[in-house]
Amino acid sequence: VSVKAPSLYPLKPCSSENTASVTLGCLVKDYFPDPVTVTWYSDSLNTSTMNFPSIGSDLKTTTSQMTSWGKSAKNFTCHVTHAPSTFVSDLTIRARPVNITKPTVDLLHSSCDPNAFHSTIQLYCFVYGHIQNDVSIHWLMDDRKIYETHAQNVLIKEEGKLASTYSRLNITQQQWMSESTFTCKVTSQGENYWAHTRRCSDDEPRGVITYLIPPSPLDLYENGTPKLTCLVLDLESEENITVTWVRERKKSIGSASQRSTKHHNATTSITSILPVDAKDWIEGEGYQCRVDHPHFPKPIVRSITKAPGKRSAPEVYVFLPPEEEEKDKRTLTCLIQNFFPEDISVQWLQDSKLIPKSQHSTTTPLKYNGSNQRFFIFSRLEVTKALWTQTKQFTCRVIHEALREPRKLERTISKSLGNTSLRPSQASM
């Protein structure tokens, strides 16, 4: 048999008995030849180890065991060295604490009635009976951590060695209606506990999808024609479908335009567009789109208001075409980052003249990983080599509500000048 490195497997009890100790093992399997060296590391001083002789005539197998005394969860590392194959590896095994105090975790939410105009929904995570000063609470949306400053943790009471705490998280109606799963993750005594929730179940017809789209910054601040769009997808036909609009303050509402489109998959979509007053929208007025049909168990209702949260102005950078690009074209890239909310408009100009939207492309806003709630996008403009070499100037213009008046920020680039300065200031409101 030729030299072969081992495989490592953790060994731990199937259940946590109410004993004063816990025993873990490290299985070292399918290696040749002897010997292997197994060493244990842990943050516990009260431990004992035992290494067993190897077995097997060809491929070898051995085990090593560690016993620890104490009531806290600990991480134990099995360090294995097999000199003949130069194999060195660590296997970390987490021991479940004995006599653990399991807290109770309840996740509740405020009213999720889509007929309500409130722009936020509150999630409450109650943790009862945890060890004092030994609890952390984190929020996740579809298993991704949510920006921590949106959460508020409050100690409710202390009873002897135990305490109770709750954490509150505000989310938008749009996040709630997206059917995402929200999770409260609680860590206590080194153990994790989860509670989950998602939007209230309702009687909306299966298959029919409805989106409510806010005004674009371009229409809101540049064109002065802000509008809401209610998009209804996957209908059998437009027959007997009604789309109506309602304002939160019950004031008069303008006339909406509506069109239907038949698609190749034999479904129909309806687009209803409602002009709104820019001042009303900026001040936080709420709107609803209601879609109904005689066969629906109840109307489909979508609500929208201006997104809550701290505003952050975008940073804009334009990049020169790559030198190795094909000889008959040049690609300009505009990076827009660190902005909130996600609603943003991007335009390209050539020598101060607007380039048609069909000639450039922009990604949808992407959210940063981790705790940052801000967004970034890329916009791409492809031009001919002739235009680029003629020292034409190309400008990436960004429109966003967090920018100072007139809510625009530009970055200009050309072959002869390179990157020019920003205009106007990118300072936030």
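Keep in mind that glycine also has a Cβ here, set from the backbone N, Cα and C atoms.
These features come from Swiss-Prot:
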{"type": "DISULFID", "residues": "CYS26-CYS78", "note": "disulfide bond"}
{"type": "DISULFID", "residues": "CYS125-CYS184", "note": "disulfide bond"}
{"type": "DISULFID", "residues": "CYS230-CYS289", "note": "disulfide bond"}
{"type": "DISULFID", "residues": "CYS334-CYS396", "note": "disulfide bond"}
{"type": "DOMAIN", "residues": "6-89", "note": "domain 'Ig-like 1'"}
{"type": "DOMAIN", "residues": "205-305", "note": "domain 'Ig-like 3'"}
{"type": "DOMAIN", "residues": "314-414", "note": "domain 'Ig-like 4'"}
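Structure with Swiss-Prot features highlighted.
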residue : record         : Cβ neighbours (10 Å)
CYS26   : disulfide bond : 25
CYS78   : disulfide bond : 27
CYS125  : disulfide bond : 25
CYS184  : disulfide bond : 26
CYS230  : disulfide bond : 26
CYS289  : disulfide bond : 26
CYS334  : disulfide bond : 24
CYS396  : disulfide bond : 26
Check your understanding: Quick one: Cα separation, CYS125 (disulfide bond) versus CYS289 (disulfide bond), in Å?
Key -> 31
Check your understanding: Tell me, by DSSP, whether CYS230 (disulfide bond) is helix, strand or coil?
Key -> strand
Point to revise | Which disulfide-bonded residues sit within 10 Å of CYS334 (disulfide bond) - Cα, from CYS26, CYS78, CYS184, CYS230, CYS289 | key: none
Study note, to complete from the structure: Here the Cα-Cα span from CYS289 (disulfide bond) to CYS26 (disulfide bond), rounded to a whole number of angstrom, reaches 60
Review point. Out of CYS26, CYS78, CYS184, CYS396, the disulfide-bonded residues in the record, which is closest to CYS230 (disulfide bond) when you go by Cα distance?
Key: CYS396
Practice item. Give the distance between the Cα atoms of CYS78 (disulfide bond) and CYS396 (disulfide bond), rounded to the nearest whole Å. Key: 56
Point to revise | Mapped DSSP class for CYS26 (disulfide bond), helix or strand or coil | key: strand
**Study point:** Secondary structure content of the domain 'Ig-like 1' (6-89), with strand meaning DSSP E or B
**Key:** 3 helix, 51 strand, 30 coil
Exercise for review: Could you tell me how many residues in the domain 'Ig-like 4' (314-414) are helical, how many are strand and how many are coil under DSSP?
Suggested key: 8 helix, 54 strand, 39 coil
Revision key, fill the gap. CYS184 (disulfide bond) sits from CYS26 (disulfide bond) (Cα to Cα, rounded, in Å) at a distance of 33
Review point. Cα-Cα separation of CYS184 (disulfide bond) and CYS396 (disulfide bond), in Å?
Key: 41
Exercise for review: Over the span of the domain 'Ig-like 3' (205-305), count residues by DSSP class, listing helix, strand and coil in order.
Suggested key: 12 helix, 45 strand, 44 coil
